[in-house]
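Reviewing the structure listed below.
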Amino acid sequence: MITREFDTIAAISTPLGEGAIGIVRLSGTDSFAIAQKIFKGKNLSEVESHTLNYGHIVDPQNQEILDEVMLGAMRSPKTFTREDIIEINTHGGIAVTNEILQLAIREGARMAEPGEFTKRAFLNGRVDLTQAEAVMDIIRAKTDKAMNNAVKQLDGSLSNLINNTRQEILNTLAQVEVNIDYPEYDDVEEMTTQLMREKTAEFEALLSNLLNTARRGKILREGISTAIIGRPNVGKSSLLNNLLREDKAIVTDIEGTTRDVIEEYVNIKGLPLKLIDTAGIRETDDLVEQIGVERSKKALQEADLVLLVLNASEPLTDQDRQLLEISKDSNRIVLLNKTDLEEKIELDLLPTDVIKISVLHNQNIDKIEERINQLFFENAGIVEQDATYLSNARHISLIEKALESLQAVNQGLEMGMPVDLLQVDMTRTWEILGEITGDAAPDELITQLFSQFCLGK
């Protein structure tokens, strides 16, 4: 009997809705046979692999033509899933793609589960878990640099690093075993306490360096969480609209117009900035506005960057001073808005690196972008050529656990424990790293990971 893992699956691989092209994908042993039942054109058993073939999709029960298509035929093992794959390129639209999918299912295919095509690629050894996760990162990437990082991971940058480290750990464990089982072998280097200490330090340094990339990787994947704060009606929402170059926030002269937190993404020199337009922080009796103010304070605490907007045409208020105080320890840029009006703000009470802007006239908005680039990218050295960045919370957690196991090895060495008794913690490190690539990942984890994928991927 064909198992559920290896029967023939089908799904629509393009977003539902109107479009130029829609793709219905099949993968499995019977892909060609099922497609032949509904495809009127060349004999698919005779076509060369990796070719596009013109024809029509026809309902075999009544010979009704559903659409004119180009059918992609790809034979295993040189496919994404390492199974036979058929991709029916049809005209985009909800009705036609659904009709073709239902035909394929009626003729023997099964509706694919979310992420099942990529899961099969993993189970068949085409990709490991880090590469499978990179597929989703590519789909979700908001900027070119985020996409490039995901592409490098798909190409095996993280896999190679983890696999090489696991191999070195395995070599160390094997050396300990040989010393125990065959002490008479003089040609095998003895794994002394000092040598084990050196090996452990080497592994720790490598994994620590990788872990240190997590902050930059998180920025690439999720964006810089940027809270725009200020008292009501200083121009926060107008600034958001200027940075986005479109109107997303309501702009009026009425205080308290923004009553909740508005989140939008903008591309700053190839990196994602998650802009959070907060409700003006002030004392208010309006219950709805109070909730917005509390959310603003929370956004301020969690932000990677704070843009504090002040009104340059008015003296500092108590609210301004409060905001300057509560944001002083943040990664902050102070912006003086309304500089097109007469300047009345006390400059001597402000940081020296304030940026003067006018959101009404779109003046110096580019200087904000330049400052952000300096703070996060140029000074921090983010996105070095060919660097590998940890951007996945699962990977980060497992690297931290692997380092804990190595620290346990070090503690044992400091206590004078024999090298052979430290194998357990060293082996645990090897196993944890295997969870990253999927070599030692439990089935429940694999199922959960792929369930997060979209249908048809």
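Any Cβ shown, glycine's included, is placed from N, Cα and C.
Feature annotation from Swiss-Prot assigns (6S)-5-formyl-5,6,7,8-tetrahydrofolate binding site to R25, E87, R126, K457; the stated evidence is sequence analysis. Applying an 8 A CB threshold to same-chain residues 6+ apart, the list for R25 ((6S)-5-formyl-5,6,7,8-tetrahydrofolate binding site) reads A10, A11, I12, S13, I85, I86, E87, I88, F117, G456. DSSP classifies R25 ((6S)-5-formyl-5,6,7,8-tetrahydrofolate binding site) as strand under the three-state reduction.
The feature K(+) binding site is assigned by Swiss-Prot to N233, T252, I254, T257, with sequence analysis given as support. Counting every protein chain shown, the Cβ of N233 (K(+) binding site) has 19 other Cβ atoms within 10 Å.
K236 (GTP binding site) carries a helical DSSP state (H, G or I). The GTP binding site annotation in Swiss-Prot covers 233-238, 252-258, 277-280.
Marked as Mg(2+) binding site by Swiss-Prot on the basis of sequence analysis: S237, T258. S237 (Mg(2+) binding site) is surrounded by 25 other CB atoms, counting those within 10 A of its CB over all protein chains shown.
The domain 'TrmE-type G' (223-377) scores a mean pLDDT of 77 in the predicted structure. Sequence annotations record features per position, and here Swiss-Prot assigns domain 'TrmE-type G' to 223-377.
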Compare all C-alpha positions of R25, E87, R126, K457, the record's (6S)-5-formyl-5,6,7,8-tetrahydrofolate binders, and send over the largest distance in angstrom. 19
Work out the three-state DSSP category of K457 ((6S)-5-formyl-5,6,7,8-tetrahydrofolate binding site). coil
Counting Cβ atoms within 10 Å of each candidate's own Cβ, which of the binding-site residues E87, R126, K236, K457 comes out highest? K236
To the nearest Å, how far is the Cα of R126 ((6S)-5-formyl-5,6,7,8-tetrahydrofolate binding site) from the Cα of S237 (Mg(2+) binding site)? 48
